[in-house]
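These features come from TrEMBL:
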REPEAT    43-77  repeat 'PPR'
REPEAT    78-112  repeat 'PPR'
REPEAT    113-147  repeat 'PPR'
REPEAT    148-182  repeat 'PPR'
REPEAT    183-217  repeat 'PPR'
REPEAT    218-252  repeat 'PPR'
REPEAT    253-287  repeat 'PPR'
REPEAT    288-322  repeat 'PPR'
REPEAT    323-357  repeat 'PPR'
REPEAT    358-392  repeat 'PPR'
REPEAT    424-458  repeat 'PPR'
REPEAT    459-493  repeat 'PPR'
Amino acid sequence: MSPYKGRQLSLRFMVSLLSRESDWQRSLALFDWMIEEASYSPSVFAYNVLIRNVLRAKQWELASGLVDEMRQRAISPDRFTYSTLITHFGKEGLFDSALSWLQQMEQDRVSGDLVLYSNLIELSRKLGDYSKAISLFSRLKRAGITPDLVAYNSMINVFGKAKLFREARQLFHEMRSFGVAPDTVSYSTLLSKFVEDKRFVEALSIFSEMNEVRCPLDLTTCNIMIDVYGQLDLAKEADRLFWSMRKMAIEPNVVSYNTLLRVYGEAELFGEAIHLFRLMQRKDIEQNVVTYNTMIKIYGKSLEHEKATNLVQEMQNRGIEPNAVTYSTIISIWGKAGKLDRAATLFQKLRSSGVEIDQVLYQTMIVAYEKAGLVAHAKRLLHELKRPDNIPRETAISILAGAGRIEEATWVFRQAFDAGEVKDISVFGCLIDLLSRNKKHANVIEVFEKMRGAGYFPDSNVIALVLNAYGKLREFEKAEAIYKEMQDEGCVFPDEVHFQMLSLYGWRGDFKAVESLFEILDSDPNIDKKELHLVTASIYERGNRLDDASQIIRQISKRGMSKTLSS
């Protein structure tokens, strides 16, 4: 750049040169030359380009240092600065840093935009941090930004994952009030969440509503509903929907066929299942490992054990590799058929062959040993999980927790956490659930504090269990602090969490707090008022405040009467 030292080129030209520079070190050198040698005035535009370049090279500390340098030169970071920082830190999984930049942006009164918040919400969802996603959605709306269809659909997914189904349903009303019409994705997303939580009747209700508003069906919706009909023992309806898909110009895919196969199997329509399986082969319809796993299970259910075993060889001949589910299904079939020696031999062969031994496969072998009365063998497998060498420790924790092995699960968790190996938020949740069910309240708090220390937001189920643990330990102030902290962060709680906090106030004998929270909840249109009054009346009764309890009950009666008169 020395030939240009005495010439003052336009700042736009220099920034464009900076923008085209792919090497972050050359980019930094060019920027320094502009300021120190060519005497260009520092600008937010040049800094934004430079920060983007160093972030692409994952120079996190340097990017933060450049922001500090901007402030020292009295240059205020703008929306692009923060958006660049938040997006790059977030995509790299440095979520806490991304959120700290968001907090800094809000403190600087720099307004975010829909894309920025939507990206963070989607990132939170992918990380399984649903409470954080809900908090970000609240921030988005507080910033005066109207969500679009994509943002709403993402939040329907989040609320469903967090098991806040009422809030997910209410989003449909909110969308319409803002002129955003729910689409096929909106409905299919909620449908899938109901199915994940085994709320099949409610899923059927959503599907009926979808048909009433004439929202077009798609492949995903049809596949979900074939499953729903099967789960509700409506095999004929599942069959009818499957065979009518082509009339709706929807071509069934392998998921459609696999789902109907499973429906036939669970309805013990074995002939129909075998016919459909062979029909797929005759018509060259794709079959995958799920197809074969489903058929293996069906043959096992119809007590055709050898045919089930033969399918493993058939799938391998067709280039479809068995997975852990295939092997766990075969082991389970052999165990039920009394062929435990074959099951054990296969399990040992798998362990020595390097095949991934997942949670289901381990559990299946443990159950097979226990059913055969070989308790010592089952205990040996469980004991091996304390020092797993062939599966991740996160998987070992989940297996031990699923088997109810409290001490072993907690021991492995502590070892894994100290080694930085606990990355999945669900591991914290399953262990907290196990400890709570076994009244290990101090351990619940221990795992929860580690969870928060690692930067994870608890979901509503974990919050309920933690509040209960604090209550049992008589640590009411800490319970209240967690409850208020999560609310301040924008978490949306199901009614049960609010009612639990009411009960904790009652146990503490703080009836002023009971009255205050009751009034707040009573004015919240999303709270079940009848249940709220019954819970509050019960709290007053336990506290021997019978007049207050009677007053609450009278309020229920008055509300019921007013509803009758209005109708």
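Yeah, the Cβs are placed from backbone N, Cα and C, and that goes for glycine too.
Between the repeat 'PPR' (459-493) and the repeat 'PPR' (78-112), fewer than three CB pairs separated by 6 or more residues in sequence fall under 8 Å, so the two stretches do not touch. Counting residues per DSSP class in helix, strand and coil order gives 26 helix, 0 strand, 9 coil for the repeat 'PPR' (288-322).
Beyond its flanks by at least six residues, the repeat 'PPR' (43-77) meets 11, 14-15, 18-19, 21-22, 24, 27-28, 31, 34, 84-85, 88-89, 92, 94, 97, 105, 108, 110 of its own chain at Cβ-Cβ distances under 8 Å. 113-147 is the stretch from 78-112, 113-147, 253-287 with the greatest number of Cβ pairs below 8 Å to the repeat 'PPR' (424-458). Long-range contacts of the repeat 'PPR' (253-287) within the same chain: residues 219, 222-223, 226-227, 229-230, 233, 235, 238-239, 242, 245, 294-295, 297-298, 301-302, 318, 320, each at least 6 residues beyond the stretch ends and with a Cβ under 8 Å from a Cβ of the stretch.
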